């Protein structure tokens, strides 16, 4: 059977999908994809997989794809990051029997992508990208697709898209932000760029960016002429977005937990999803946020979900008619709704330099100066000191800089003291080292 291409691929293999769930690291796992499909998603992507690791590590393949699919999870596109044509194709060949297409990630703007030379940081290397797409197009039995970010210039973005199409890309997802637009500096995605790409290419185009509700989906399709719309953050905060519904936050959480019992995933994924779903409620009920951060089993998570449901129902019962939601929210905290990322503060480093670091999730805490992992540990161990300025100071070894022994006669650490004692045939009672002859 000949490989489907372009619009035939979109209409037949993908069923003319218009509502698409984005590839999200540690977030678009099988259980979440199944939940999204129950509520209107017509196509899903796997989380981004590293092609090089996928090729060399059988356990990575098993855990991240082979055991993370099921018959109901179709159509499905597997996404890879790569910067070597042969490695990309080898990984794709190992994955193609489990999906309907292979996607090359050309949109990740994070610093880890810059260090690894993949994602949006390949967008200037057109010769390399042509070779990667062409080789995949020639050797795979399924189509190859791409997810890109735009350039500031519309005409360069159009030429970029046309280059990928000419190389063999059969479907293009365009995120209407540049690689510099991320975190607090994300701003608004440019549908004008997406519209220009759609007019200039002869393959299906999906739009990504500024999608918070079903009305945004419909408006985006109408304004840009794209074949479908991809949602990431909007989907995480309301998996029923494509249905045009805004259910109670515990309703979708309980449904998701039921799916996880059938299709297990790491508890960290579950916790991250619930932090998103319950974002606004956890601002009201801080204790539940701390409990969610500490639980170590799925049943513990379910107990927190039940407690949250009871708290929300009590809030609903106390709600007076005609009172508006607090903090200018579009709905009360117990209703699934979009999260509006705050912009940079006036005079902040991000605002003045144009550079931004990935923002910590607000639900993880607001202790400045701590890493994301430290924040998680702080929530689990509230009495432990994580501030480096409050930790005890140790005098340093005169030679290597490690902490010295408090009773060492040479002011050295154990290792340096032992070497000196052997060299000089000397004693150090502090390190219980006696070498001087009696």
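Quick reminder: no glycine exception, Cβ is built from N, Cα and C everywhere.
Swiss-Prot annotates 23, 24, 25, 79, 175, 208, 209, 210, 232, 233 as FMN-binding residues; of 114, 147, 294, the candidate listed for that same site is 147. Of the listed segments 298-342, 343-387, Swiss-Prot assigns region 'Disordered' to 343-387. In the three-state DSSP classification, residue 210 (FMN binding site) falls within coil. Proximity of residue 23 (FMN binding site) to non-local residues of its own chain (separation of 6 or more, Cβ distance below 8 Å) is seen for 45, 46, 47, 48, 77, 79, 103, 105, 147, given in sequence order. With a 10 A radius on its CB, residue 108 (active site, proton donor) counts 25 other CB atoms from all the protein chains. Rounded to a whole number, the distance between the Cα atoms of residue 25 (FMN binding site) and residue 108 (active site, proton donor) is 10 Å.
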